[in-house]
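Here is what TrEMBL records for this protein:
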type: DOMAIN; residues: 173-288; note: domain 'Palmitoyltransferase DHHC'
type: TRANSMEM; residues: 12-33; note: transmembrane segment
type: TRANSMEM; residues: 39-60; note: transmembrane segment
type: TRANSMEM; residues: 72-93; note: transmembrane segment
type: TRANSMEM; residues: 99-120; note: transmembrane segment
type: TRANSMEM; residues: 206-224; note: transmembrane segment
type: TRANSMEM; residues: 261-279; note: transmembrane segment
Amino acid sequence: MLARLGFWRNKFASSSIISFIFVTISQFSLTLIPHYFSSFSFLAQLSLSALLLLAISGLGKACRLFLLRVHALAPAFVFFNILFIWGVHVTVIRKEIALLWNIVFNAECILLIFGLYSIVYGDPGLVAYKEGELLQNEFSDIKSDTEDHRSLKVDPFCEQHIPKFISQNSLPMTRIRYCKYCRAYIRGFDHHCPAFGNCIGKNNHLLFMALLVGFVMVEASYIACSTQFVRKFEIGDEVMLESTLFGNLAISTRLFSTLQVLWQVLFLFWHLYCICVNIKTDEWMNWNKYPEFQNLPWFQPEQSNLQPSFTNPYDKGVLLNIKEFLSLKE
């Protein structure tokens, strides 16, 4: 037991170090964009930054898989990126902007890190069950002949926090699904989030949405602060800004934050839409696996290949759907 615990600690430490190195390399590599392409427009620099990050990501993945044999830890990657942006703000940008902006940005970073810790180590809605007993019914996607499911044991965290066993009849109401990454059953399962290293379910879905909004707010605030910083140098000495590491960091981190905001806003609107129509991401992607989402047409003799159409039995209207989402843990 102690040997296994030591193995996982060493693996966690190695993965965190890899994440830190990857963040450092990618962030400092982005400073090459404003340094060598200062005459390019902001949109052109943004496109080059996206291509550079994709290239570094592909190269980093190849190195981790074939050379180091160690994978980066996604939550650590997110955490170190926040720290890097925060560090640039404190060491470079803070002195050139108003005190109120500094207070707001620092407070947002503190809340974001606290929320990140809470969702990484929080309970998404784990379901406890007896060893060898499968939770099956017509509304679940569980296959009785799956060997992995037979070998599952009661998670100690589940046993401590959710001691009651879930009855078969309650499954359609709680929308319990199986996560193949966590090897666990999750109540209100939406998806497994690699960035947070945890499932998104009934107990942490609201926190997940708050974190999405938090990331957008932090990055938008940083873009505003770094823009003020850059404009002061443009009025004064633009050449000095582009020839110093601190100046390039201010510009490159603004480019990075802009890229993050672009995809995170789209991601946020998608999840808002799912909440308004009361459907989970997993259910939308795999609706043909869940019978309650399949509307079977009446059989006609001349039609041999009838395909079920999609129907959402959980949609109660926008207001009731939002009210159900905002309800407290069960």
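Placement of Cβ uses the backbone N, Cα and C atoms for every residue, glycine included.
Fewer than three CB pairs closer than 8 A are found between the transmembrane segment (206-224) and the transmembrane segment (39-60), and contact between the two stretches is not assigned (pairs 6 or more residues apart).
DSSP labels the residues of the domain 'Palmitoyltransferase DHHC' (173-288) in these numbers: 79 helix, 12 strand, 25 coil. Residues 190, 208-209, 212-213, 215-216, 219-220, 223, 312, 314-316, 318, 321-322, 324-325 of the same chain sit 6 or more residues outside the transmembrane segment (261-279) yet have a Cβ under 8 Å from a Cβ within it. Mean per-residue pLDDT, taken over the domain 'Palmitoyltransferase DHHC' (173-288), amounts to 89.
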